[in-house]
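Colleague: What Swiss-Prot shows for this protein is this:
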REGION    126-136  region 'RQD loop'
BINDING   127-129, 132-135, 180-182, 202-204, G234, Q247, L266  NAD(+) binding site
Amino acid sequence: MKIAIPKERRPGEDRVAISPEVVKKLVGLGFEVIVEQGAGVGASITDDALTAAGATIASTAAQALSQADVVWKVQRPMTAEEGTDEVALIKEGAVLMCHLGALTNRPVVEALTKRKITAYAMELMPRISRAQSMDILSSQSNLAGYRAVIDGAYEFARAFPMMMTAAGTVPPARVLVFGVGVAGLQAIATAKRLGAVVMATDVRAATKEQVESLGGKFITVDDEAMKTAETAGGYAKEMGEEFRKKQAEAVLKELVKTDIAITTALIPGKPAPVLITEEMVTKMKPGSVIIDLAVEAGGNCPLSEPGKIVVKHGVKIVGHTNVPSRVAADASPLFAKNLLNFLTPHVDKDTKTLVMKLEDETVSGTCVTRDGAIVHPALTGQGA
């Protein structure tokens with residue numbers, strides 16, 4: 001079987017869905033690996049390194065994709081309306097595995113059905129123990145949380161750790177993290193390593209212990225409401241108006257003392273909740289920084305702008321998009337390993353063919369299109 005990895009064409013995307021290590025694993029499984037020329041440049045992965053691992057380099061995307069049985073990408077393929085029609089380049093009946101953004105990008109899903117492409121949206125991977133090694137959201141969010149702190153430290157005009165000198169003492173930076181998921185936990189850990197005093201808030205009561213285990217202080221809002229603020233899949237629920245008001249009041253007491261606020265709160269399939277209002281920004285210290293990791297989903301702060309750094313009311317608000325791509329050299333191998341871990345159990349060792357087992361919940365939970373039809377319950381109206 002042939003597996004192809006094209007160059008990512010969406011603006012600002014430096015990641016690639018392959019690494020030399022994963023090429024070797026795929027070859028060992030019986031795959032012929034075809035990578036588009038220059039696909040790994042943004043992630044510091046050279047064509048020579050991929051060739052040495054066993055891959056074949058194709059000069060164009062069309063050459064790489066035209067005969068491939070399986071296609072790996074980081075982001076969803078582009079449609080004709082977006083410019084280069086990547087969907088049309090994929091062989092009819094092929095298998096696609098990528099971050100499809102299926103719940104919010106219906107046009108590309110419909111375009112895939114027309115070519116009878118079996119598409120797996122890796123962002124829909126079930127939150128079960130067995131699937132942790134396949135979870136692209138966790139691997140990429142972890143790096144985003146790290147990078148958020150580094151970006152915050154860069155934009156902040158002061159030092160992070162406390163420094164005692166003959167000329168005086170420099171106080172430690174105060175960091176406030178909103179949302180204690182994978183990104184939030186890594187942000188807490190990284191900020192603590194840099195010497196900051198770290199506070200954190202989340203609607204889920206279970207995150208309090210996690211925050212404290214990393215040396216942070218948890219801001220409690222409403223104990224009773226927080227006990228039911230988590231979905232069966234482990235995600236945060238959208239909270240009511242009364243809770244949000246209480247949360248804003250509790251957080252504001254810390255926000256006025258905060259140097260760097262990092263917001264990471266997302267609700268699957270819905271706009272990001274507003275956690276820092278414009279009124280709250282006006283009460284922050286001059287020179288403080290907000291890093292909004294949810295800017296692509298509408299933002300946790302309404303003043304953040306996708307892809308821009310703006311200054312409002314004396315506060316610098318950073319809206320970098322696609323933050324994992326800012327750590328592409330580490331993000332790419334992890335993404336590729338997630339895809340490999342998803343694919344490997346379904347390769348028949350005797351025939352060297354890919355047979356996706358539909359009874360496997362990692363398969364049924366991520367399969368969006370099959371046999372020319374949209375099959376995922378969240379898109380057919382049969383489930384959430």
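In case you wondered, yes, glycine gets a Cβ from its N, Cα and C as well.
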Colleague: Most Cβ neighbours within 10 Å: which of the binding-site residues R127, R204 is it?
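Modeller: It comes out as R204.
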Colleague: In the structure shown, which of the binding-site residues S129, S133, Q247 has the fewest Cβ neighbours within 10 Å?
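Modeller: Checked S129, S133, Q247; of these binding-site residues, fewest Cβ neighbours within 10 Å: S129.
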Colleague: Do any residues at least six apart in sequence from D135 (NAD(+) binding site), in the same chain, have a Cβ closer than 8 Å to its Cβ, and if so which, in order?
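Modeller: Those within reach of D135 (NAD(+) binding site), by Cβ under 8 Å and sequence separation of 6 or more, are M125, R127, N338.
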Colleague: Taking each of the binding-site residues G181, D202 in turn and counting other Cβ atoms within 10 Å of its Cβ, which one has the fewest?
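Modeller: Lowest Cβ count within 10 Å among the binding-site residues (G181, D202) is G181.
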Colleague: Going by DSSP, is R204 (NAD(+) binding site) sitting in a helix, a strand, or coil?
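Modeller: DSSP assigns R204 (NAD(+) binding site) to coil.
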Colleague: DSSP says what for the region 'RQD loop' (126-136): how many helix, strand, coil residues?
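Modeller: Per-class counts: 7 helix, 0 strand, 4 coil.
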